[in-house]
Amino acid sequence: MGYGAGRDKYEPAATSEQGGKKKKGKGKGKEKDMDELKKEVTMEDHKLSLDELHRKFGTDMQRGLTTARAAEILARDGPNALTPPPTTPEWVKFCRQLFGGFSMLLWIGAILCFLAYGIQAAMEEEPQNDNLYLGVVLSAVVIITGCFSYYQEAKSSKIMESFKNMVPQQALVIRSGEKLSINAEEVVLGDLVEVKGGDRIPADLRVISSHGCKVDNSSLTGESEPQTRSPDFTNENPLETRNIAFFSTNCVEGTARGIVVNTGDRTVMGRIATLASGLDGGRTPIAIEIEHFIHIITGVAVFLGVSFFILSLILQYTWLEAVIFLIGIIVANVPEGLLATVTVCLTLTAKRMARKNCLVKNLEAVETLGSTSTICSDKTGTLTQNRMTVAHMWFDNQIHEADTTENQSGASFDKSSPTWTALSRVAGLCNRAVFQAGQENTPILKRDVAGDASESALLKCIELCCGSVRDMREKNHKVAEIPFNSTNKYQLSVHKNANPSESRYILVMKGAPERILDRCTSIILQGKEQPLDEELKDAFQNAYLELGGLGERVLGFCHLALPDDQFPDGFQFDTEEVNFPTENLCFVGLISMIDPPRAAVPDAVGKCRSAGIKVIMVTGDHPITAKAIAKGVGIISEGNETVEDIAARLNIPVNQVNPRDAKACVIHGTDLKDMTEEQIDDILRHHTEIVFARTSPQQKLIIVEGCQRQGAIVAVTGDGVNDSPALKKADIGIAMGIAGSDVSKQAADMILLDDNFASIVTGVEEGRLIFDNLKKSIAYTLTSNIPEITPFLIFIIANIPLPLGTVTILCIDLGTDMVPAISLAYEQAESDIMKRQPRNPKTDKLVNERLISMAYGQIGMIQALGGFFTYFVILAENGFLPWTLLGIRVNWDDRWTNDVEDSYGQQWTYEQRKIVEFTCHTSFFISIVVVQWADLIICKTRRNSVFQQGMKNKILIFGLFEETALAAFLSYCPGMDVALRMYPLKPTWWFCAFPYSLIIFIYDEVRKLIIRRSPGGWVEKESYY
């Protein structure tokens, strides 16, 4: 689109809101403002005559405002700048990480631990420090992971900051008859401003005089061609009329004078920026999922805690003991390691995506992309290459195809015809575009050009086919030129002819094909000039319609050899009082151009379709062009017709076709303006392939909201300022890193560093993968909760010595389980990842009943059995047989009782009993590690067999070894008996849990086999999470 990095110098981007999306005040006033902004731009200034303008603004059309008056207005209206969006102070961002969602659960756990320790300290003379340790560790976990997440987002913010090139803008104003260059912020309402090619328009201007002035409106309206600006009132719609130049667009060529009619936030651009910053972005799907998950876990924890609190009172424990149990059970239910796991998983994916050219601004957006069900994509630069390229030529009465591929591997045409020589000469000479200096070694297609998009395309095409255009221009020196203007719609130049066998001067002309043809009486065929008859005019008309129907921009070319007798050497050509012929010329041919699709896009759109994602094109461009590109990239697939296509095929009027018969539809912005919400919903519901053309920024927003009403999770791509409201409103906004404006980058959640649509599909795959892998990590982490909680419950109910201590639970959650849980984030995708429909956020949750039933009810129970088996084996080896343990707890824990008898009549002192108890804690811990081996392996897949998936995940294999080594270290390292009360085990005790590990593996393989054999059956419904 625009002209490279020179765009967007001073958008409200100096301060920006990274991280979470902004929340909207609930006030009615805010909603009213939003509705105001959603309306189309209203403006009357373009309809006023110069006298009325003078009366309204008090501006002298020659001398401008007086300096004193300008100062008054500046004091009244404030500076001409956009209000920066409210920013979040760094400390607030940090607190959000520390106290958001999951962290709160751990904070509550920590407070409960300190509370329990306080109660124990008040009750006992020598209280155990377990709860104190636990509280400290939990607090540390939250603080460390909070710092980690904050650092991650701060890093993205830094990259964002580097996008901003804040250069103070200058403007040329006329005040009291003198030209002054002032800071653009000091421009006021009614100022007389002068702009020239290369300037940024400093405010909304009503043009009062112009000379060949063209502006690049692409960042505002999405039109890729520069638009002419003149004093004429040409359209009721202020965005379409020629006499208004908009703030922050670029003047590409020519000069103009205008009166400032809006400044700062009141400009059209300012309204859009306000619209974007005022929108409520909403919570990300993953944030909603994690909240849902916290609800489940908290629910389970509180339910168990309260149940056992009541039970312990019934079993005649004291109130204080019951409170300690309540707190213990709630804390044991909290998966301490999960917060870190989720953060690390999202970070890893964000890093992986950055390598694939997707910069993720806030971590949660990674997953949102995976649940996307609709992508509203901009056309220019995202689906297309963002460079006009010659696509076809028509000469010698036939259409030739040019090569539009990025690496020139496509079609070639016959370059030997003398007509092509003539056509290429006209296209090269009647052309003001030039290559910028110092690019001799750059490939021709990659070179930067000074000139408008169409001329650049011609220049590159001729340079590729015929060699140096510069040499051609030097040989055929230009002696006169009439630049293109909107009234006569042609560009003409006269050159000295380098060919001695032809006339001394040659006139070359290009322009709108029908205008050029009207000026011609002859045509070149096979190098010979022939009269232009009706048959050839029909052939021209057919070719013109065919190329135009492909959505291409067509130009006509003609020339005339000026006779030597009338135009001797040194003849003075006058371009004002034209003293040379501009009629009866000789037509040479047509050349058509298009911004061609990127090579990887059709494949990417196909992938989206098989992944159940609907791709909608939303563009400011012409409907015919939009439809042609949509067909080219597969957004409208082969064989699918629009209402117009059906009408043409059946030869009936469009209004007789039933819209439901057409799968595809192309909707014009002006039609969209008059539609009700119901009509928009109807279109989105009944058409699978949709293109919106000639849309305004406000309409883009309406389209996004329409999709969201259908329950879709919407991703929006865009690069212009005009896209920012939609980017903000969408579930995930994707801005372009190269062509994108600062406002759009700021509104987006993700930035495509290579501007390529295909990168989005990679992102979708990564997003789905992270969701799958998070599920696997959570399933793995939650499973060990059961063998951690059940010992506590049995301890209360059966009055046996405590099988597993608090410190050992921490060693599992924050020690042995951490690396394996994170390693699941590296798991490769299962085969169906891009073949299934997008997940439904309402029904397909991150943690659902089936996952809880698998983790808690099935695998977790087997694990608990393994732990208790080990516990009973060790106690039995020490003389306490299982049935003698019932009800022994009170004596066992009494430090003054030193004569507790075992099954063989031996007496045990308090110290000896405790050593056996702590050895049991260690063995229970080791047995959980052993059964978690199997759990980790079965969590690798949800449907495939582990044998199909293979053990390619090196991190996971490392995780298996790491957790085993850590467990052995904690058990055998000298000094652990004092620090963590962990004691060395006999080697045979490691093997007690092996059979249970095997049972878990076999049980799950059989379950997955049944799911694969009978898809949709009972087992899948009950256990496929």
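Backbone N, Cα and C atoms are what each Cβ position is placed from, and that goes for glycine too.
If you look up Swiss-Prot, you'll see 1-11 (among others) marked as compositional bias 'Basic and acidic residues'.
Among the features that Swiss-Prot reports, phosphoserine is placed at Ser16 (among others).
Under the heading compositional bias 'Basic and acidic residues', Swiss-Prot lists 28-37 (among others).
Across the topological domain 'Extracellular' (111-133), the prediction's mean pLDDT works out to 81. Taken from Swiss-Prot, the feature topological domain 'Extracellular' applies to 111-133 (among others).
Below 8 angstroms of C-beta separation, residues 119, 123, 796-797, 799 of the same chain, each at least six residues beyond the ends of the topological domain 'Extracellular' (311-322), sit close to that stretch. The annotation topological domain 'Extracellular' is assigned in Swiss-Prot to 311-322 (among others).
In this structure, Lys489 (ATP binding site) belongs to neither helix nor strand by DSSP; it is coil. Taken from Swiss-Prot, the feature ATP binding site covers Lys489.
Residues 308, 311-312, 315, 317, 325, 787-788, 867-868, 871, 875, 885-890, 892-893, 913, 917, 920-921, 924-925 of the same chain lie 6+ residues outside the topological domain 'Extracellular' (795-804) yet bring a C-beta within less than 8 angstroms of a C-beta in it. The topological domain 'Extracellular' annotation in Swiss-Prot covers 795-804 (among others).
As annotated by Swiss-Prot, topological domain 'Extracellular' applies to 869-920 (among others), with the evidence given as sequence analysis.
A coil conformation is recorded for Ser945 (phosphoserine) in the three-state DSSP classification, outside any helix or strand. Other C-beta atoms found within 10 angstroms of the C-beta of Ser945 (phosphoserine) number 14, with every protein chain shown included. According to Swiss-Prot, the feature phosphoserine maps to Ser945 (among others), an assignment based on similarity to another entry.
The topological domain 'Extracellular' annotation in Swiss-Prot covers 973-987 (among others) and is backed by sequence analysis. Break the topological domain 'Extracellular' (973-987) down by DSSP state and the numbers are 5 helix, 0 strand, 10 coil.
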Original post:
Are there residues at least 6 beyond the ends of the topological domain 'Extracellular' (111-133) whose Cβ is under 8 Å from a Cβ of it, and what are they?
Top reply: 320, 323-324, 327-328, 330-331, 805-807, 810, 895
Original post:
So which residues does the topological domain 'Extracellular' (973-987) touch in its own chain, when a touch means Cβ under 8 Å and the partner is 6 or more beyond its ends?
Top reply: 805, 807-808, 811, 915, 918-919, 921-923, 925-926
Subject >> Ser945 (phosphoserine) to Lys489 (ATP binding site) - Cα separation in whole Å >> reply: 68
**OP:** Within 10 Å of the Cβ of Lys489 (ATP binding site), how many other Cβ atoms can you find? Include all protein chains, please.
**Re:** 13
